[in-house]
Amino acid sequence: MAPNNKKIKGKSNVGKGSKSKKGQQTRKTPTLKQKLHRESKVVKAESLNWKTVEVPDNLDDWEGFYGLEEIDGVDVKIVNGKAEFIVKDNKKVKKGKTEEQEELEDDEEQDEDEESEADEEQGEDEDEDEEHEEDKINEENEDEFEEEEFTGFDDDSEIQDGMEVEDILDEDINEIGEVDESVEPVQESKPEHDEELSENVFQHSQFVLPDDEDINLPHWQNEDSNFSLSPYTLHGLSVLGFDKPTPIQKKTIPLAAEGKDVVGKAITGSGKTLAYGIPILEKYLSNLSIINQNRQKKIINHPTGIIFAPTRELAHQVVSHLNSLAKYSPLSTNGIVSITGGLSIQKQERLLSHGPGIIVATPGRILELLQKDEDLTKRLASTDIIVLDEADRLLQDGHFEEFETILDLFRKNRPKNKTFPWKWQTLVFSATFSRDLFGKLDKNQKSHKRNSEGSSLIGNDEILNLLNDKLKFKDTRPALVDANPKEIVSGNITEALVECGPTERDLYLYYFLLMYKGSTLVFANSIDSVKRLVPFLNNLNIPAFAIHSSMIQKQRLRALERFQKASEKNDTAVLIASDVAARGLDIPNIDHVAHYHLPRSADVYIHRSGRTARAGKEGVSVMFCSPQEASGPLRKLRRLVANNSTKGGRLNMHNDVKLLPIEMDLVSQLKPRVIIASKLADADISNTSTRKEDSWVKQAAEELGVDDLSDLDDFEDDIIKKQRKRKEGKMITKDEKKGLRYELKELLSKSIRKETRRSYLTSGLQNIAHQMVTGVGHEDVVGHSKVNALDDLKGKKVARSKAGKVTKPSQKKQEKKQKKQERKDTMRKQKEGNRK
């Protein structure tokens, strides 16, 4: 390289001979043409690094494509009828031609450009010559730097823990794009480093084994057995702040670690994810030496555990929770992957090709992958553990045929040798395991005798036999764990009822959201209701977001992210959801769950209500119920869900569920707002649906060759006509919409006042002036103190006097009611004893 460099310098010095001392002057920036010359190179076709095109085997003959070659990343320019190939990447050029020769050609072209410009501006040409000289020197230094840099990887190279060189290259390829296979990898220049690197994958691991003295988690050590968690897991639990295991975790983790099949039941929000996640992680760590040996032999490892979830959102949530725990273990970054619908199947195939340790999947997408790849089926069939999260869905007939097909494929393709046990370990978890909870609430079904243990899993042979028929447990009888045998709904959830008419749900929902600040999750039975409630609440200046099954996966995840951000910024944030968000989702800091419609079955109600009061916190579950629902479905729901303390006696619904206190003077002031907001929301939905129908009808008419659309009215069904007329009746013009929006804006600008007849701030029972000064007044209701739904329902509501002092209400009325109830119970028991 040195002789060529001297030639370049000599050439540049010639142009410098007649130059005066201008080195100290400011240099001008290079022209666009000079920049293009430096960035790109013109090469010949035979100098390019062509790739051979692989012709598919299904072609009988080559059809003129024999020896076809291709290349990408090269620009073609036609100059004087000839094609010139312009290259910006040196990898696209064969190594036969030296880089020094290419630089000389570029320098000659740049010198020619400079000579052509010298006649016009000689002074600028001298500056540019000086600039070219320094650029050439810089290019020489860069070439020398590149030669020193790309001599291979040193021993001190930092490799991401738990990953091979191939994994790192795969990630680089995905970030940069498609890489030419004919270009030799850079690290091949020093093969001895590659061999050493592949033999010592975890030699430079950042995961130093934590010191046992630094970890103080005595509650996680099981004194009854010799089982103990690894330091990696204990370190992760310590960092996450999980000092004590929950009851379900304390009972199931030792059993699962012994390799037993486990069926676990616990209330919502009790930590079931870690109850099965920790045993899988411990199993992976115990097999770490075998996993590393397989990596050195270029063998793809089979997964340690496969977790099946009923919904996509739950699968992504499980991955997030397990990653937060496994972050402090040797499990690689791609060691836990989610395989769900709605996302790129090619990316999921690539993730599975790396042999992840834990797979969290929905049955539909993973079945699609298994049917495409037989090798993948054999590898996944070798798994050690299979987990069913929210497994109560399997008890319902007609659900999850895909899951049963997956199990059949695993049984047929599981290796039959001494290396693998003949059957995998099965872990089953859910919050509901009673068949009575799955019946429709609006249908009259035969009354089943309630078990003496209520909803307890222990001794429930019917559920156990049903699970065994579908799952084929490894053990003759799996270990049954019921952390809450007497609880169906979590004791931290306060249930409430709002009695309203069928057409007044919007009004009372708005009242609830306005009065009680916080993040609220509203469930509706239909997707149309979800779509209507979002614009309705947005019109009332309440941030609302929607999630339902008709949305694609990215839209659902984006809606959840926006809701969480809105709940952090604003006092009130609402997520309107269908039952797709009812199971398993752990959305942080949900204060209230509102049932806009009464759920269709009791198990859905349990899982809906379980979205609040998670991880030991308290929450409120409110039902908006019409008189028609109260007479039938609500009574049946309360009979199934009520605490076991009321068994054997007559169910008093008002004692079981508390009525939410409603102030009718405030409701009457909110009604005009709700009417206008509802009209605007209905108009938006009607306009959108009618526009879609019209476009569909026009497209169908064009395909049928019908010119006059009125001819299609004769073939339209009567029901469709009624629906169309109903939608058209809700449509309004643009001027009417503007008028309604202006009217609603005026109403929202006016404050709601308690006891509106008062004219002075200091008059009445509430001292408004004192509330405004101290900041204890309600933000949206003048003359009303701040309220909390949990305190109001638990009887902690306080009365504030004119001076602002707090006084507790008397409890004599409550004590009288309790005494009367006790007398009635004793009289009833005496009568039953006399009859016997």
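Cβ atoms here come from the backbone N, Cα and C positions, even for glycine.
Noted in Swiss-Prot for the protein shown:
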| type | residues | note |
| --- | --- | --- |
| REGION | 1-49 | region 'Disordered' |
| REGION | 89-160 | region 'Disordered' |
| COMPBIAS | 100-133 | compositional bias 'Acidic residues' |
| COMPBIAS | 140-160 | compositional bias 'Acidic residues' |
| MOTIF | 222-250 | motif 'Q motif' |
| BINDING | ALA266, ILE267, THR268, GLY269, SER270, GLY271, LYS272, THR273 | ATP binding site |
| REGION | 792-836 | region 'Disordered' |
| COMPBIAS | 822-836 | compositional bias 'Basic and acidic residues' |
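Distribution of Swiss-Prot features across the structure.
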residue : record           : Cβ within 10 Å
ALA266  : ATP binding site : 25
ILE267  : ATP binding site : 24
THR268  : ATP binding site : 26
GLY269  : ATP binding site : 21
SER270  : ATP binding site : 24
GLY271  : ATP binding site : 20
LYS272  : ATP binding site : 26
THR273  : ATP binding site : 22
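Each residue in the motif 'Q motif' (222-250) has a pLDDT score, and their mean in this model is 85. Counted with DSSP, the motif 'Q motif' (222-250) comes out as 14 helix, 0 strand, 15 coil.
Excluding ALA266, ILE267, THR268, GLY269, SER270, GLY271, LYS272, THR273, which define the ATP site, the same chain contributes THR246, ILE248, ALA275, ALA431, GLY610, ARG614 within 8 Å (Cβ to the Cβ centroid), listed in sequence order.
According to its DSSP assignment, THR273 (ATP binding site) is helical.
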